[in-house]
Amino acid sequence: MPHELARHSLLSLLRKTQVDKELIDYIIYGTVIQEVKTSNIAREAALAAGFSDKTPAHTVTMACISSNAAITTGMGLIATGTYDTIVAGGVEFMSDVPIRFSRKMRSLMMRASKAKTMGQRLSLLSTFRPNFLVPELPAVAEFSSGETMGHSADRLAAAFNVSRKEQDEYALRSHTLAKQAEEKGYFTDLVPFKVSGVDSLISKDNGIRVSTMEQLGKLKPAFIKPHGTITAANASFLTDGASACLIMTEEKAKQLGLKPKAYLRDFTFVSQDPVDQLLLGPAYGIPKLLKKAGLTLKDIDTWEVHEAFAGQIVANIKAMDSDWWCKTYLGLSEKYGAPDMSKFNNWGGSLSIGHPFAATGVRLCMHTANRLVREDGKLGVVAACAAGGQGVAMLLERYPGATAN
């Protein structure tokens, strides 16, 4: 169950940091597709991991940026002096999503539970129809518009003239860089997982597949057929995963003798039209964040931007580099400019590593912290889009003496 994945991330974090459970003041987890039995999954995971029943925990949900929201919520609790030491994370378990009975079937079952006589039960049974048994599957679609995210990504790519070739090239780049980072041992934040009743150990992500442009070109459109440009290869895939990070003030870290990886310097959340600008969160969030921090694109040493779709990534870059778009939607006098691609998602991203919705935010922050060390940078930006037309941008700074272990 999902809380078991979250439990494993909590215990692995404690093992890595050597922090005692009793020192954790509060736990916040993100999740998107909820298991109804563990709706406050943060609490259930904490109890399963052996944390004190006196340690409060709550769950947040903000689509693909849920663990970003968990982190920033923790920052707020620390900034107000409410708590000192917080664990933030996220978990998603796509292998076993809750599938519901239809609404008509649920209604029939509820009424049946209240029927007191055989006559009442038989009367209800006579209203049953075979189509009541058609299940309701959770969909990666916007509730407000009914449109699937892939369909929206296809429209976005078309709006910014992002070609199929550009998308396949970016997808190939993501998988190639992820493979290189994996082979170099850079994914030091990953821990293996043992599934109960299964002999083999899951020790690495199984979605990293370096292909060729020729092979990618053979795939058919996945959403808008036959002319769409989004395929199974240039879209992020659904996967299982959990993440956890430890946040506190620098003073508290020194008091506990801990070695921080990075400062969480600043953040901003954005939201826009969920129909035509569903996936443009980074293009809105990055300029807003850097203006708030008094920085420019050139000040940033690493970029970690969530790769929902290759077309979404390229469209966001084109939006930021467009005079018309920046004037029209950001109120700027000229284009904002594009990030330096030599510093952009250099260890791959969601296209290659996978996207367990609520867990991705911590992964983006950890890659930023570790890349700043390995690439000798100072400042890194994390950005992501999310369902509902929302987005986040966060600024991280390398901590002096930090390691990438």
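Using the three backbone atoms N, Cα and C, a Cβ is placed for every residue, glycine included.
In TrEMBL, annotation is done automatically, which means it is predicted and not curated.
The domain 'Thiolase N-terminal' annotation in TrEMBL covers 2-251. Positions annotated as active site, acyl-thioester intermediate by TrEMBL: Cys64. Taken from TrEMBL, the feature domain 'Thiolase C-terminal' covers 258-398. What TrEMBL records for His355, Cys385 is active site, proton acceptor.
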Within the domain 'Thiolase C-terminal' (258-398), residues counted as helix, strand or coil by DSSP: 59 helix, 35 strand, 47 coil
Sparsest-packed among the active-site residues, when each Cβ's other Cβ atoms within 10 Å are tallied, from His355, Cys385: His355
Model confidence over the domain 'Thiolase N-terminal' (2-251), averaged pLDDT: 95
